[in-house]
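*Asks:* I have a structure I would like to understand better, so I am pasting it below and will then ask my questions one at a time.
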Amino acid sequence: MNTSAPPAVSPNITVLAPGKGPWQVAFIGITTGLLSLATVTGNLLVLISFKVNTELKTVNNYFLLSLACADLIIGTFSMNLYTTYLLMGHWALGTLACDLWLALDYVASNASVMNLLLISFDRYFSVTRPLSYRAKRTPRRAALMIGLAWLVSFVLWAPAILFWQYLVGERTVLAGQCYIQFLSQPIITFGTAMAAFYLPVTVMCTLYWRIYRETESRARELAALQGSETPGKGGGSSSSSERSQPGAEGSPGTPPGRCCRCCRAPRLLQAYSWKEEEEEDEGSMESLTSSEGEEPGSEVVIKMPMVDPEAQAPTKQPPRSSPNTVKRPTKKGRDRAGKGQKPRGKEQLAKRKTFSLVKEKKAARTLSAILLAFILTWTPYNIMVLVSTFCKDCVPETLWELGYWLCYVNSTINPMCYALCNKAFRDTFRLLLLCRWDKRRWRKIPKRPGSVHRTPSRQC
């Protein structure tokens, strides 16, 4: 889990002081047991929520799912085995179990760090390179990156922990103790601390600062865009209507089933899918296909249902309309043509940027909470690692124990960060804990055009 041997198994401490009092043992056992239970419960809620709530199945949440898996391993195995070791005062499960525990602990903990790096890089590229990165940001690619993170963690720690004694020809770990053999050298301990904690933290903090600056820049651009619009104007027809250029009229001889010339004019705006934005959980920045320099037309073309030409009586078509369209000049169109009203494309662009900015800020809040929890819980132990490298007896045994357990507490805090910063996680957790989740009793209620909002139709 960390870059050095645990406090009770540190090479700086020959043996864990035995003979803890019964009240002390009871307090440690109850406290650590509750922490383990909270860790397992919280991360199981994350996994179950991802399974039952389709709104949570986004690319960004795939990384949170992987982080929850690592935290679940720590809560299930690492916490309980270390508590047993701490209370007994010696390792009583044999050398094989010791090596397997250390390998599992360090692989899962390093995978947590790798997943935090993935989340940070994912947010950074989503904000700074929205067009090029979003095209490559697929669930399959996210799964590949997560698999590589776990593979790298396994390759870095598991073989060295399990087979180091065979490489050097002997096992130097003292009987009754359990720690990583090759970390008994101070210089190696110092190097692993820098590579496994300080370097990743530096990278993550740098990326978060860049994300923060870019998000603030987006907010200023959005404020300027909204400020340039004229209040109370820019309202247009519904999404089922199209605007044509002034003077663009259909040909009297346009046959049924064909659209007039004004219908074939380039559309000012591309249809926008709110559903896609909802599911992705962060706003994308695909550019609109409209040309902001164009002005909307002064006529509204309303498409009417087609009529079978064979069933129609042979009548002469009116000279100013096609069989399937009706054009009507609008006052707004004349006002826009006369006053140079801003195109509706800017309103749509502002709405998209607003929605995008909200999603980006929500994802940034989740990242900041996870990153802050990681730094606060892992820093004390890793500071002690550096201190013990230069002064073996300067760190008390109790501080080693507290620092090591504090690293484990990070796995308990992470699910709370998801719930505090993400309403979808929070609502799903609440429904699961209250036993009110039943997919068959959920109905779809439209929130926006093209999106659905799931809400319980009745309680169970």
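Just so you know, the numbers here start at 1 and follow the chain as drawn.
The backbone N, Cα and C atoms fix where each Cβ goes, glycine too.
From Swiss-Prot, here are the annotated features:
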- 328-343: compositional bias 'Basic residues' (COMPBIAS)
- Cys98-Cys178: disulfide bond (DISULFID)
- Asn2: N-linked glycosylation site (CARBOHYD)
- Asn12: N-linked glycosylation site (CARBOHYD)
- Thr230: phosphothreonine (MOD_RES)
- Thr428: phosphothreonine (MOD_RES)
- Ser451: phosphoserine (MOD_RES)
- Thr455: phosphothreonine (MOD_RES)
- Ser457: phosphoserine (MOD_RES)
- 1-22: topological domain 'Extracellular' (TOPO_DOM)
- 49-62: topological domain 'Cytoplasmic' (TOPO_DOM)
- 85-95: topological domain 'Extracellular' (TOPO_DOM)
- 122-142: topological domain 'Cytoplasmic' (TOPO_DOM)
- 165-185: topological domain 'Extracellular' (TOPO_DOM)
- 210-366: topological domain 'Cytoplasmic' (TOPO_DOM)
- 391-397: topological domain 'Extracellular' (TOPO_DOM)
- 421-460: topological domain 'Cytoplasmic' (TOPO_DOM)
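Describe the structural surroundings of these features, if you would.
*Replies:* Within 10 Å of the Cβ of Cys98 (disulfide bond) there are 21 other Cβ atoms, across all protein chains.
Mapped onto three states, the DSSP output places Thr428 (phosphothreonine) in helix. The Cβ of Thr428 (phosphothreonine) has Leu45, Ser49, Val52, Asn53, Leu56, Trp437 as same-chain neighbours under 8 Å, each 6 or more residues away in sequence.
In terms of DSSP secondary structure, the topological domain 'Cytoplasmic' (49-62) contains 11 helix, 0 strand, 3 coil.
Per-residue pLDDT, averaged across the topological domain 'Cytoplasmic' (210-366), gives 50.
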*Asks:* Which secondary structure state does DSSP assign to Cys98 (disulfide bond), in the simple three-class scheme?
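*Replies:* Going by the DSSP assignment, Cys98 (disulfide bond) falls within a helical segment, counted as helix.
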